[in-house]
Amino acid sequence: MASTQLQHARAGTVTPAMKRVAARENRDPEFVREQVAEGQAVVPANRNHDSLDPMVIGREFATKVNANIGNSETTSDLTEELEKLHTAVHYGADTVMDLSTGSNLDEIREANVAYSPVPIGTVPIYEAVKRVDSPEDITRDLLLDIIEKQAEQGVDYMTIHAGVLMEHLPLTDGRKTGIVSRGGSILAQWMEEHGEQNPLYVAFEDICDIFAEHDVTFSLGDGLRPGCLADAGDDAQFAELDTLGELTRTAWDHGVQVMVEGPGHVPMDQIAENVERQREVCDGAPFYVLGPLVTDVAPGYDHITSAIGATEAGRAGAAMLCYVTPKEHLGLPDREDVREGLAAYRIAAHAADVANDLPGARDWDDALSEARYEFDWARQFDLALDPERARSYHDQTLPGDNYKEARFCSMCGVEFCSMRIDQDAREADGEMETIESATDLDASPAADANLPPVGAHDTDRVPDEIEIGGVTFTPESAHGDD
Ligand code: SF4
């Protein structure tokens with residue numbers, strides 16, 4: 001049986017995937033190997049995912065961002081799903097989770113894997129629910145069949161809610177919002193109905209064997225994460241975390257890569273201690289957090305409430321941030337929501353990298369600031385996290401080409417432009433220091449993943465067309481580099 005990235009790393013082998021992520025992160029391949037061997041980083045790379053451009057998730061590397069996509073009962077078809085994949089990759093998602101719960105689940109998953117240069121994640125229990133009349137009818141064998149099939153289809157990582165145990169359920173009784181994870185609530189219902197332990201926990205070593213065969217990475221789900229500030233840091237959350245620590249070590253014993261999911265809704269002052277506790281309990285396995293939202297009072301703006309928490313989580317050592325869109329708690333996100341969510345999270349990830357002094361991370365900020373002070377509007381737009389947004393906002397009031405070299409914009413106007421005034425004053429007294437050496441981004445030690453344009457993935461292996469269910473698809477939009 002072929003070895004996993006973890007097994008190769010432990011054996012001292014630097015794999016082609018490790019070499020590639022080392023190049024993307026501008027790190028020594030041997031350092032990547034050590035981080036993977038010690039379980040401090042993961043390279044999610046299913047052997048069946050042919051179009052993948054490998055990436056790394058770990059505390060010592062650039063903070064990554066995941067985007068959730070997927071259909072529901074009422075939306076959407078295969079072409080629409082590929083369009084969502086393209087949108088997510090285009091706006092800088094480092095990984096994409098297909099959370100489809102509607103129809104054509106296999107076709108959509110296969111198409112996403114075939115077209116995605118970034119790792120694809122899934123939550124297999126969603127498909128299990130679709131395959132039975134009622135969640136109580138889910139069986140251990142059904143779960144294993146679905147997990148094995150998805151592994152064969154090339155899914156790179158799967159959320160497995162194996163840490164929710166029967167004995168944890170009473171600990172949620174005093175909560176304001178109960179169990180808010182979909183997987184957690186389904187499994188709690190199953191355990192209460194059957195009076196038996198979580199089947200994902202019972203079958204965990206069988207799942208490890210499947211993951212080892214295909215090199216699927218665990219994303220250990222936090223089914224008891226808090227759904228509001230009042231429930232943050234309660235006994236249920238931390239009892240599950242202890243089980244996730246145990247499962248992390250079991251997966252490592254089977255040579256399987258692991259990352260651990262985290263909350264949710266957490267007051268700002270508790271975020272760092274959450275990250276530190278996870279690191280301790282799970283022996284440094286990468287932490288993948290959803291937000292967290294730092295306040296519950298802003299539905300419609302939860303990409304902001306959560307990006308604030310995500311920045312703090314990244315600063316404290318979280319390795320990957322799962323984006324939240326403005327539609328969180330309110331409805332299914334559309335394309336524009338995906339864009340807003342990803343922008344908020346790219347900002348959070350980059351701010352954390354700057355604060356953590358990731359080598360070269362601030363070069364991007366410095367280069368943009370230089371362009372701003374030089375009134376080099378075109379370069380400022382090119383360097384912007386969302387160039388299309390920056391250009392369009394500027395051009396709303398000053399659209400002409402002549403304004404692309406203007407020493408002002410419409411915010412302060414020519415008379416009150418402070419940067420123009422500052423430059424004139426310095427020139428007038430002869431002490432103006434001109435900017436002679438602009439930051440050379442090409443020579444920056446920062447990772448490709450941390451420099452504009454975001455979403456710079458190698459799409460060489462993404463096919464021009466694929467055949468799914470006897471139908472050939474050639475969606476141009478499936479390529480994520482334009
Ligand atoms: S007008 Fe104001 S906002 Fe615009 S470039 Fe000058 S200082 Fe900056």
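We number each residue from 1, going along the chain as drawn.
Glycine residues also receive a Cβ, built from the backbone N, Cα and C atoms like all the rest.
According to TrEMBL, the substrate binding site annotation covers ASN68, MET97, TYR126, HIS161, SER181, ARG182, GLY183, ASP222, GLY223, LEU224, ARG225, GLU261, TYR288. The Zn(2+) binding site annotation in TrEMBL covers HIS265, HIS329. Annotation comment: TrEMBL describes CYS409, CYS412, CYS417 as [4Fe-4S] cluster binding site. The region 'Disordered' annotation in TrEMBL covers 431-462.
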How would DSSP class GLY223 (substrate binding site) in three states?
coil
Nearest to TYR288 (substrate binding site) in three-dimensional space, by Cα, is which of the binding-site residues HIS265, HIS329, CYS409, CYS412, CYS417?
HIS265
Cα distance, HIS265 (Zn(2+) binding site) to GLY223 (substrate binding site), nearest Å?
13
Fewest other C-beta atoms within 10 angstroms of its own C-beta: which of the binding-site residues ASN68, SER181 fits that?
ASN68
Can you go through the binding-site residues ASN68, TYR288, HIS329, CYS417 and pick out those with a C-beta less than 6 angstroms from ligand 1?
CYS417
About how far apart, in whole Å, are the alpha carbons (Cα) of HIS329 (Zn(2+) binding site) and TYR126 (substrate binding site)?
19
Which of these binding-site residues is closest to SER181 (substrate binding site) if you go by CA atoms: HIS265, CYS409, CYS412, CYS417?
HIS265
What other residues of this chain sit with their CB within 8 A of the center of the CB atoms of CYS409, CYS412, CYS417, the recorded [4Fe-4S] cluster site?
PHE408, SER410, MET411, GLY413, VAL414, PHE416, SER418, MET419, ARG420
Would you mind sorting out which of ASN68, TYR126, GLY183, CYS409, CYS412, CYS417 (the binding-site residues) have a C-alpha within 10 A of the one on HIS265 (Zn(2+) binding site)?
none
